[in-house]
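Marked as domain 'Thioredoxin' by Swiss-Prot: 6-161. Residues or ranges marked as active site, cysteine sulfenic acid (-SOH) intermediate by Swiss-Prot: 48. Annotated substrate binding site per Swiss-Prot: 124, in sequence order. Look at Swiss-Prot and you will find 203-209 tagged as disulfide bond.
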């Protein structure tokens, strides 16, 4: 039976996994870094191939965010090796990050990545883990629909903004329809705090205040470039 999905805010479970880069102990292998774990249904499949190419082409963008990547499927290590060799030979793209081999589905089951109706295919999932090994985000995608890698980049950046500045990011940040690239101030816990925030920040009301200029402009523009790239690719 598939395992229970770990919850956001919980510690990523300790495990030793096999990859084409050798054995890796998680989460210690990425200690001090953010990392994105993404599972895919199977090697040598069209949608998964497009995703791996997209992740590889954006790998340097992730590294700029102090973020590493690691894939996972219930394929064997040999299958992973042959698949990434095929991608390099046929598509001219080298896959620089490790891919977990989980042919028995042990890891996938532990992380809740096996569909209830199938024990032979991992679902298309994304886990974002912070430098302390805490799961910060979990996203699932349909079998037939590939992930938007630039949106995953944006999500990682948004999580880092929360960690660094103690602020929340609005919908479509940094291009929010109401407050642009500003960030949201956490709601006040007392009447006094609410009154003070109305004086200190721009507010629509006491419970909805925001702060301008928190994130450096160059960082904002970098995120906008990712989103513009994604929009151009969709045309």
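Using the three backbone atoms N, Cα and C, a Cβ is placed for every residue, glycine included.
Annotation for residue 124 (substrate binding site): spatial neighbours 38, 39, 40, 41, 140, 141, 142, 143, 145, 146, 147, criterion Cβ-Cβ under 8 Å with sequence separation of six or more.
Over the domain 'Thioredoxin' (6-161) the predicted model carries a mean pLDDT of 95. Shown are the recorded positions 48, 203, 209; of these, the residue with the fewest other Cβ atoms within 10 Å is 203. Residue 209 (disulfide bond) carries a strand DSSP state (E or B).
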